[in-house]
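The structure appears below as structure tokens.
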């Protein structure tokens, strides 16, 4: 060993290495920013967030609340974010329900049902999601023209979309009603999981949660009644008017193709997680329950499912975060999710860096809050004495 | 009747089968329903795909519609577009050969005999060099072909291989930094990994394709394909780093302490003691990650590359074949399925092989 003694000192190495690492990263970011600034300056673009209040001048093909080309960028971004969340919620719910069914089929005793579940999972899990999406979208576009629409139960389907009977209320009203329902649901989850209510008797806790959900639903009903114009009929049915469909509530092919793709693909993964969860429940637990004289229904709902659910949840959290990210595939078929709004905004305004920043912030916010909520649930339901295997 | 009372034997198996299939009303319902669905799917596929299908390159929309089944003529006519994209027609044998090279590389790295850092690195680097020379040309009398003209299956495979070959060292680096004894380095690396993992891959590819040129000095910008590849590799590395970290956590602390006590240096401890064991523990998850990486190569359609899926899209988007989208997608799906299913079966086989000897509970 040669050289001055301080080079060999641990404390010195400790400080220089860490400082060097951080300084190196900062330098990289600084260099990228400076290059970007000079490059943007030569193209005559200015940075800053003033553009958020400018009107966009292009149309958004799907939004939950009305948008016009005169709306500012921040409104478009908000609508894009809502679309992503809406699609994500639909996809997660659909994938969970279908996945539970497939997982149960796979872990049951009936060989025929098991085979069917296996076929489902192997097909949907081993093909890229975007391929499945393109397939559903091509199928939706290959449906007959509006004149030859296929009708079923008051609804119509054709190449232009799926037309469902609709309630005659404005989109603002629907948004308020949904918000009210969500607030009720959120309150219920809070009551059920918050540590503050740990010492409240479970029965009372459940009753309060049920009341919160009911209140949310009643609130939603009130909003719908208040928002309805008495001069209109309550329900509108889609019907053929000349060459196009009038009335009803149109769901675009882009929308339902993406919803079907995410649901079916997600269900294959959720199904495997469900099967793994059931597999992890010890045989002794079920035998003990049977020995206590519980009926097979009670063994399933009170012993097997709760234990399996606790084993599934940590893996499900990762899968849910993944599925939310998968909604960005909407850009491949033209569904205006958050990412597509960002991409079109970059094309039209040139404010590249600001939008990429917003995109990152948006997804970090969505994913971290989803993971935080689910991790909280995971901790709340964990059994005492068992290790909580939480992950982000 | 007397035989059925004996334990074991054929009748016991029969009885068990009867219990599983027809044990209760619910089981009967499930059996009938499932069997009906399976039979219906099977019959539909047979009827549509074989019995009423049209084969041969001379089929047209009229003959196909008259038969009423699948129109495989579209594959017979357009298969070179689907497999090789817009690669020059006379040079497409090079694309085919390049695919074979990648196939050999993948097969070789599945053999346990090849599992050492040196051998795997050699096979993958050599495979990539041969692939690149074949595809790009310009040497050995091969006509040069620009990256913009690459397409179809070779492009898909190239993205997959390059993602692995760039992403794996990057993942090892990230995983080692994350378990560094220096808290600042470990924390900052953790943030970087978590941030990349919570972003959608599409947004990273998009940023690399469109935004990165602004941030790089002129000489670093390069082809769009390589920037996108770097993005895909970075995303792969963030996930793989967490998998390797999981492997680290499964190794008893004593292993590293013993190595330290023997006076091994950091590099020897890491590359001779810790990493090999971590990789062994993380093998099933690693193969799973490679499977996902293979499926995600198809995302680069969105930033404008003609890989397998996009090439398939162009194959039926000409007027005469517009009706035959299902046949083209089934063909592409079969290719993806062969790769992905094969890889994941291999992963399951390895997992079972590794569990022999130390079975849990």
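Keep in mind that glycine also has a Cβ here, set from the backbone N, Cα and C atoms.
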From B:21-46, B:47-72, the residue range that TrEMBL assigns the feature transmembrane segment: B:21-46
Candidate ranges B:93-111, B:245-263 [criterion: TrEMBL lists as transmembrane segment]: B:93-111
Folded-back contacts onto the transmembrane segment (B:155-177), same chain, C-beta under 8 angstroms, at least six residues removed: 85, 98-99, 102, 105, 124-125, 127-128, 131, 135, 185-186, 189, 192-193, 229-230, 232-234, 236-245, 248, 270, 275, 290, 293-294, 297-298, 300, 305-308
For the transmembrane segment (B:93-111), distant same-chain residues with Cβ under 8 A (at least six beyond the ends): 83-84, 87, 120, 123-124, 127, 130-131, 134-135, 137, 142, 145, 152-154, 157-158, 160-161, 346
Distal contacts, the transmembrane segment (B:225-244) - CB-CB under 8 A, six or more residues away: 147, 150, 159, 162-164, 166-168, 170-175, 178, 192-193, 196-197, 201, 204-205, 207-209, 212-213, 275, 278-279, 282, 285-286, 289, 292-293, 296-297, 300, 303, 305
